[in-house]
């Protein structure tokens, strides 16, 4: 018996062109590139999500910054308003305090004003009495040109020239002494009042005491000034608009009589 013959044949399958291109393309790209391509879509979504989140975060931060700034401004305005109200309150307190001080000062000044009014009434009364004596004088050629008061003293200008002794007698006739100048201020005041002429005052040289003496033999705050003037012994002092000067007592000048009030009215 003979063995059966075995016939071998080769089967070749022809791939389609599309499938061949796909296979060849995958073979060319390799496995890494294919995986990257598969993952590229989720990565883009992540980036976009992060971008949107960052934008929203920036917007939120900006809104918060604006709110914080507005809160800070509002807080500052409230603080300034409170300070202004506090300052106004302090000013009102100061005004009330000053008003109270003014009221107290007005109360304190009331006795002084009453004293001044009483003093003026006393001066006017004294002048009225003295003026009556002067007006009733029978002497001719003698009169008062003007008079005025300074402090508690009144002055009378006798516009009739006479010697120092004659002026002394004229003033005494009206119950007035020759004027005694109490201090520097009174001297300046009298010099401001006098016209361009010379007037006897109540200062002369006392030959017995060998010193200058006022008509009442009392002291004066003007003594220091008169000592510095180095008046010559033996004379009398006259007053002009610019100076005090010693001269012969027999010279003829106008007279200034003066008298203090007896007391401050109580």
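Placement of Cβ uses the backbone N, Cα and C atoms for every residue, glycine included.
For the ranges 23-44, 45-66, 67-88, the feature annotated in Swiss-Prot as transmembrane segment maps to 45-66. The two recorded residues, residue 171 (disulfide bond) and residue 255 (disulfide bond), show a Cα separation of 8 Å. When the C-alpha distances from residue 257 (disulfide bond) to the recorded positions 87, 149, 167, 249, 250 are tabulated, the minimum falls on 167. Ranking the disulfide-bonded residues 154, 171, 236, 249 by how many other Cβ atoms lie within 10 angstroms of each Cβ puts 249 at the bottom. Considering only the recorded positions 104, 167, 250, 255, the residue whose Cα is spatially closest to the Cα of residue 149 (disulfide bond) is 255.
Mapped onto three states, the DSSP output places residue 257 (disulfide bond) in strand.
On its own chain, residue 167 (disulfide bond) has 158, 178, 200, 253, 254, 255 as residues at least 6 apart in sequence with a Cβ closer than 8 Å to its own Cβ.
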